Amino acid sequence: MKITILAVGKLKEKYWKQAIAEYEKRLGPYTKIDIIEVPDEKAPENMSDKEIEQVKEKEGQRILAKIKPQSTVITLEIQGKMLSSEGLAQELNQRMTQGQSDFVFVIGGSNGLHKDVLQRSNYALSFSKMTFPHQMMRVVLIEQVYRAFKIMRGEAYHK
């Protein structure tokens, strides 16, 4: 089994990098995990709707170029389905039982995900109706993936 977190933009702050590294280490016994960053598109502050769509399209092309045809794509979206930690564990476990073994979680840029990425998605996941910094979302996501594996194995952690 392989998990990839595919995110737009780079982690800059040391504390986010340290948190990600800690969960990568913790996930080691359970699964292979890769973090792939694609460059965010530089854009002015006050963009028109057309310019926002162009930025999302360019970032979307970069995202799609990193996804293999056989990958199960889980996009993080405000409009996605909200799950409990147990629900995420159940969703991943069910998909693994069906033979899916290459999961790609996609975190878009500050303007969201392009429609082509959303169409490629096999599952839309939401952590909240609120907006979070993308760097923080990476840490929350990798922690929840770790928690899901602990739950799937029946190990103590999630309570």
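Even glycines carry a Cβ here, placed using N, Cα and C.
Binding of S-adenosyl-L-methionine is attributed by Swiss-Prot to Leu76, Phe127, Ser128, Lys129, Met130, Thr131, Phe132, and within the candidate set Gly60, Gly108, Gly109 the record adds Gly108 to that site. According to DSSP, Leu76 (S-adenosyl-L-methionine binding site) sits within a strand segment. Burial estimate for the binding-site residues (Leu76, Met130): highest at Leu76, by number of other CB atoms within 10 Å.
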